[in-house]
Amino acid sequence: MSDNLQHLVDLLPQLGEGILVTLGLTLGGAVLALLVAFTLGFGSRAHTKWARVPSRVVVEFFRGTSLVVQIFWLYYVLPLPPFYVELDPLACGIIALGLNYGAYAAEVVRGSINSVAKGQWEAAIALDLGPVHRMRRVILPQAWPLMIPMFTNLLIQLVKGSALAAYISLHDLNFFTNELRDRTSDTIFSYTVGLLCYFVFAYLLTLVMNALEVRAKSRLGVGPSLREVLRLAPVQTKADVGAAAPASAETKGGDRA
Amino acid sequence: MPENDTTPAIQFQGVGKRFGDNVVLDGLDFSVAKGDRVTLIGPSGSGKTTILRLLMTLEEANDGLIYVDGDPYTHEMRGDKRVAIPEKRRSLVRRRVGMVFQQFNLFPNMTVLENIIEAPIHVLGKPKAEAIASAEALLDKVGLADKRDARTTQLSGGQQQRVAIARSLAMEPEILLLDEVTSSLDPELVADVLGVLRNIAETTDITMLIVTHEMQFAREVSNRVLMFDGGKIIEEAAPDTIFTSPTHERTKEFLRAIL
């Protein structure tokens, strides 16, 4: 076991690289997915079929095809004739993750916007707020808190999906796990370390997303502000963030004291 | 505006509205003079609320024309063809019409003040300081000056509805549509809201179109009552007349049922 730990310490630089690559894939993929989600989500709600039909087709296509095949397609097929497009492996990973999870997230955007109460749309029309203004100032601020928990799920899936990048020569966390196994010849140890790495990674992202959710809800006048939540304890756990909403009255009382 | 302006504030010409096979309004003609306070009564499904929603462009008429202060609103005749008016022109008419809803529909992502100044600043292009000043005056008028910075979710239903009234008045509408504005309030909160509306009726010359079940309020505030049934006006009179001696059998029946 101490040999294993020694190998792990020796491989720390590789672990660092793996974390960076996985982080790059995750953040790059998530930003692209967010852009794709809003573009296709709004597109699917458009009045003209020229925006709606292509949006639906793209969403259904990327939801309905395998992420592995998409990554391999970008990496192995695009450089071939007639395309001759050779992409950096990191770019392949980011594009595949962004399109795939963006297609799922487009449904989240569309559904959340549609679930803002009809009366809110009508009140905005009655005040003669134009369509863009209506969306930006009235509908989206209310749809956003509905989107975040679903985005969190997709983000965690995206982190795990990013492990596929090891198969197109990227040195991510998954690649590091295999490297560790080669070095230690201890399969149980290596893959357990791999599991833990992904778990910690996903968990940290969950905490960030939970903070975003608290903030978005507090802006709607539901639940405490992020500052109030963080003031409860310097170190936050997921349970604290979750439990903070019902405890809002106490939090406010504490503030005044 | 010229003196002795007799152009009606609202005019419906042969307006028809259908939802699928259900005919809600059928060739409806009526007009409302400037400064009139008209209450629409009638059984549910008789088309009263639809009239307000047509005037707010929340629904679109299938036939006929609607004029606001003489201006065609959603459709106009070009030759003998009825054509839709583009959104830009509709918008100019729409901002002269305000509406207060049964469910208040305040924006929960904004404070009370922000709810009121949003449209005056961004739609009418008022300077922010001016919009805030008139919002504060309106909040004072509806008795909620101290709630200026409150979140709408912290207010009672009656307070929310008074903010909603202030919000629609901030657009300085020529016409105010009131759609069952007390129907979702607890009984003890109704009086405050009605008091505010009574005050507005007394102190402004805004044309009001009111759908309500508060017959006492209708009697005090309105100068004309229209009784609807099956998408048509079946009786029309001053409130004192219609409430004490209705002539139409359906009106008698309806008033007996709700009074």
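Placement of Cβ uses the backbone N, Cα and C atoms for every residue, glycine included.
The domain 'ABC transmembrane type-1' feature in TrEMBL is assigned to A:19-209. Annotation comment: TrEMBL describes A:20-40, A:61-78, A:90-109, A:143-168, A:188-209 as transmembrane segment.
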Quiz item: Of the stretches A:20-40, A:61-78, A:90-109, A:188-209, which racks up the most C-beta pairs under 8 Å with the transmembrane segment (A:143-168)?
Solution: A:90-109
Quiz prompt | Proximity verdict for the transmembrane segment (A:90-109) and the transmembrane segment (A:188-209), three or more C-beta pairs under 8 Å | solution = no
Quiz item: When you scan the chain for residues with a C-beta under 8 Å from the transmembrane segment (A:20-40), skipping those not six or more beyond its ends, what do you find?
Solution: 55, 58-59, 90, 93-95, 97-106, 108-109, 151, 154-155, 158-159, 162-163, 165, 170-175, 201, 205
